Amino acid sequence: MNWRNFFGYRSKTAWKMFIASIVYIFILFLILQAIIPNSIRPALVNIGFLGFSLSLLALIIGLIKPQFVLPKIQIKTRKKVVYSYLYLALAFFLMGIVFIDGKSTSNQTVQKADTKIATSQDTKKDTADTKSKEEADSKAQEEADSKAQEEANRKAQEEAQRKAQEEANRKAQEETQRKAQEEASQKSNAVVSSSSGNHNGSNRKPFQNDPSDDKEANTTCKGQIKGNANSKKYHVPGGQYYDSTKDNIVWFCSETDAQAAGYVRSKK
């Protein structure tokens, strides 16, 4: 192979032309690496490494039998084998290195894009999960607040009903006591009126106990405060005239009731 004719060098030194051609090939591959689309680069990488492997194989065979790898060259020397196939091996090797680097860069770009997309999707998923969790927490909180409000309303209603029932019972008891006091007062007034008439008709006669006058009123309080309907006085248990008072007895449950009916406490 005439390197000077191929590259147009004036130098007659073969190894200088060899190095120069390798440099030019490398520059050419760099230019092609910037132009060729990424989709074609994997095929070029495969071609480069395949050519590199075949060139090395031919180099080894040529070092043993030059005529097997240089059939059209008249002077078949090992030196020509080295220059020819070592040049091809280096050229294919540079081709594979340049385009595999571009492929790697392309893969990195694709990986970055995929990573960015995956990150974006993960971010969207995390945002959606966070939003769903917040909505679930909000609904749970609202439900808890609603149950708490219902429980508070129920307790308030029960308390109001209890107080209303107590108030109704208290008023009913007061009404019952008032009616009982009125009835007792009416009976005592009737007894007093009857007793006054009897005294006016027989004021000149000495006092004699009449068993027919031994009447008792308001016996529900019997054994407590004893009132005399004739004298309008009441006696407490243990008093001097408590046991001797037998005519027209009006019983009271308390001194307050007796005083409310117009009775005064006996001094003895």
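Using N, Cα and C of the backbone, Cβ positions are placed for all residues, glycine too.
Taken from TrEMBL as is:
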| type | residues | note |
| --- | --- | --- |
| COMPBIAS | 122-185 | compositional bias 'Basic and acidic residues' |
| COMPBIAS | 188-203 | compositional bias 'Low complexity' |
| COMPBIAS | 218-231 | compositional bias 'Polar residues' |
| REGION | 112-240 | region 'Disordered' |
| TRANSMEM | 14-36 | transmembrane segment |
| TRANSMEM | 42-64 | transmembrane segment |
| TRANSMEM | 85-102 | transmembrane segment |
DSSP-derived helix, strand and coil totals, residue by residue, for the compositional bias 'Polar residues' (218-231): 3 helix, 4 strand, 7 coil
Within the compositional bias 'Basic and acidic residues' (122-185), residues counted as helix, strand or coil by DSSP: 64 helix, 0 strand, 0 coil
Beyond the flanks of the transmembrane segment (42-64) by 6 or more, those residues with Cβ under 8 Å of it: 36, 70, 78, 81-82, 84-86, 88-89, 91-97, 99-100, 103
